[in-house]
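Q: Pasting a structure below so you can have a look.
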Amino acid sequence: MSDLFSFNKEKKNKLVDNNYSAKDIEVLEGLEPVRKRPGMYIGGTDSNAMHHLVSEVLDNAMDEAVAGFASIITIKMHQDHSITIFDNGRGIPIDNHPKFPDKSALEVILTTLHSGGKFSNNVYHTAGGLHGVGISVVNALSKHLEIKVYKQGKLYSQSYSKGEKLTDLICEEASKRLRGTSINFTPDPEIFSEKLHFNPKKIYELARSKAYLYRGVTIEWECEVEVPSDIPKKALINFPNGLKDYLSSKITLDNLIIPEIFSGNIESTPDEIKLEWAICWQNNDNSAFIQSYCNTVPTPQGGTHEQGLKSAILRGLKAYGEMIGNKKAANLTIEDILETASVVLSIFIAEPSFQGQTKEKLVSNGVSKPVENIIKDHFDHFLSSDKALATNLLEHVIAIAEFRISKKNEKNISRKNATQKLRLPGKLADCTRTTPGGTELFIVEGDSAGGSAKQARNRETQAVLPLWGKVLNVASSTLEKIVNNQAIQDLEIALACGSLKNYKEENLRYEKIIIMTDADVDGAHIASLLMTFFFLRMPKLVEEGHLYLAKPPLYRLTQSNKTYYAGDEEEKAKLTDKLSKASKAKIEVGRFKGLGEMMPAQLKETTMHPEKRSLLKVTLEDFQNVDKIVDDLMGKKPEKRFQFIYEQALVKMDKIINELDI
């Protein structure tokens, strides 16, 4: 106890000695905060964050279209990996700003956070861009940005780099028929990795999503870099029937429970809401998804508009069941109804409120009830217009509900009860915590790695499951093989959440599932087999964000009795160069043959300690096509695998050619 007080005293004295004065307060001006903390504005510095820059520029163009001022948007990906987005709208204002008389409005918008025309309803009734943050953030995080504005027979242009102005506003003569705004930019490799480039498929799908969200716009697509076989080099993208067209393109029509897509489109309401939706029910629950948008901005975390739709569908089916005397309908939940449903929802409202800068969840009050009333009214008409169709749908969702209810008694209410009921694998070193929150399961290969991991773990929160024998490739195996495989049996028993349609997140015994394999090629192969298992047998576990990859080191570098670790050859080279410049002392390099060769203390320090390790979260951008993607790469047909590798090689070769100094 005395040690505790002496420690606090020492700590207090250190704080007193450390003068905390005005000079310690940082004041970041202009776009400095964006470059210093990009994650606060775009959610990180990874590939998803970099593509968010494209979304911001495209959202601004879409705002012009939705407001009725633009009909064509052009997206062009260039050989140098820059991108140009043009809209034929009114063009950003170029006259001097009244608050900054020495600057054009264009320069103010590009260099000042929280500037723009979306703070009132005078310019845009509905808007999707980040209200004066989006384009200035793009400018701040771009190595180069050039903007062109066509207005009244003039072309106004200006160049920027990393948020700083390179040129004054230049005015030239141009055709009077041209109008609008063109923005070309290249993400800054100092912020994003030099290895990162725009993904043509991702941007093409983004363009498609914007086009179906607003029927009045045509998007011209052009890509100069190599594209996958399913992505065109050039295309005109337009969906005259909006969301219904889009949903039809995403599903297999002969796989529908009922042959009709329930869709609707309301242009305006007394609540000043524009609403569109499309819903269908399929035989395969792996095809289920919900995609929602507000003012063309994706809201992957849902929000009040989704709540309204869910309430409408649930109330509608329960009311129909009551009307025809089917008492089982009273037991329905929204999860039963949506288990095999594919849903697309779009809403346009004035002054939307989002959760966070990246706007992933709509939190606007006063949205849920109007959406519920509109969709409920249309759904009632949809069901009553075709009795056979409505009865088929009702019986389908009731069957799902009955299956859920039949399993209710088998559910493990707490993790403690689950542990008591399950005969856990003998090789599992379980953690002592009895609730899933904060717990982790490390999946390792063999006893050697398992032994080190068991000694390195935190026994309260970290469990270790060594897998014996060859990990099965479930993509090319029969159901009988999968069911009888010992490693898969052990894994499914340890997780306790079930698989495929029997998967239940509430039964999952751990918050994080971490695949921890050797840092070499063999380890990567085992990790790919395990990920294949999760993608095909437990895709919702991945979708819900429970699956991770550990990043153990491959090399150990020692200099002057100090130890450093590197994950791969490139990291080793950079670290060696850094250490050589800092000191002339000899650097000793050792290569780990595997996790089992590492001392428990090393494994804990580099790979397992939550505050010191680095984890990769496993995500999928296209859950609807996961079966096809995994089958192409991991399935029985080598020609599909060859095509996948060939397409990736083309992308890689394109990068290499563009980097050659010729």
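Just so it is clear, glycine is given a Cβ too, placed from its N, Cα and C backbone atoms.
The model shown is predicted, which means the values in this text are computed figures rather than measured ones.
According to Swiss-Prot, the ATP binding site annotation covers Y20, N60, D87, G129, L130, H131, G132, V133, G134, I135, K359. Sequence annotations record features per position, and here Swiss-Prot assigns domain 'Toprim' to 439-553. If you look up Swiss-Prot, you'll see E445, D518 marked as Mg(2+) 1 binding site. What Swiss-Prot lists as site 'Interaction with DNA' is K470, N473, H525, R641. The feature Mg(2+) 2 binding site is assigned by Swiss-Prot to D518, D520.
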Q: What is the three-state DSSP composition of the domain 'Toprim' (439-553), stated as helix, strand and coil residue counts?
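A: The counts are 58 helix, 20 strand, 37 coil.
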Q: Could you round the CA separation between D87 (ATP binding site) and H525 (site 'Interaction with DNA') to a whole angstrom and send it over?
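A: Distance (Cα to Cα, whole Å): 46 Å.
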Q: What is the one among the recorded positions K359, H525 whose Cβ has the most other Cβ atoms less than or equal to 10 Å away?
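A: The largest 10 Å Cβ neighbour count belongs to K359.
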Q: At the Cα level, what's the spacing in Å between E445 (Mg(2+) 1 binding site) and H525 (site 'Interaction with DNA'), rounded?
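A: Their Cα atoms are separated by 12 Å.
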Q: Of the recorded positions G134, K359, N473, H525, which one sits closest to D518 (Mg(2+) 1 binding site) when you measure Cα to Cα?
A: H525
Q: I want to verify one value. Collapsing DSSP to three states, which class is D87 (ATP binding site)?
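A: Once the DSSP labels are grouped into three classes, D87 (ATP binding site) ends up as strand.
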Q: State the three-class DSSP label for K359 (ATP binding site), counting H, G and I as helix, E and B as strand, and everything else as coil.
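A: K359 (ATP binding site) sits in coil per DSSP, no helix or strand.
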Q: In the structure shown, which of the binding-site residues D87, E445, D518, D520 has the fewest other Cβ atoms within 10 Å?
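A: So among D87, E445, D518, D520, the binding-site residues given, the one with the fewest Cβ atoms within 10 Å is D520.
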Q: My understanding is the cutoff is Cβ-Cβ under 8 Å with a sequence separation of 6 or more in the same chain; which residues meet that for G134 (ATP binding site)?
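A: Once residues fewer than 6 apart are set aside, G134 (ATP binding site) is near E56, V57, D59, N60.
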Q: Over the domain 'Toprim' (439-553), work out the mean pLDDT and round it to an integer.
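A: Mean model confidence (pLDDT) across the domain 'Toprim' (439-553) is 87.
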Q: Fill in the CA-CA distance, H525 (site 'Interaction with DNA') to K359 (ATP binding site), as an integer in Å.
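A: Cα to Cα, H525 (site 'Interaction with DNA') and K359 (ATP binding site) are separated by 37 Å.
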Q: Around N473 (site 'Interaction with DNA'), how many other CB atoms lie within 10 A of its CB?
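A: Total other Cβ atoms inside 10 Å, all chains included: 17.
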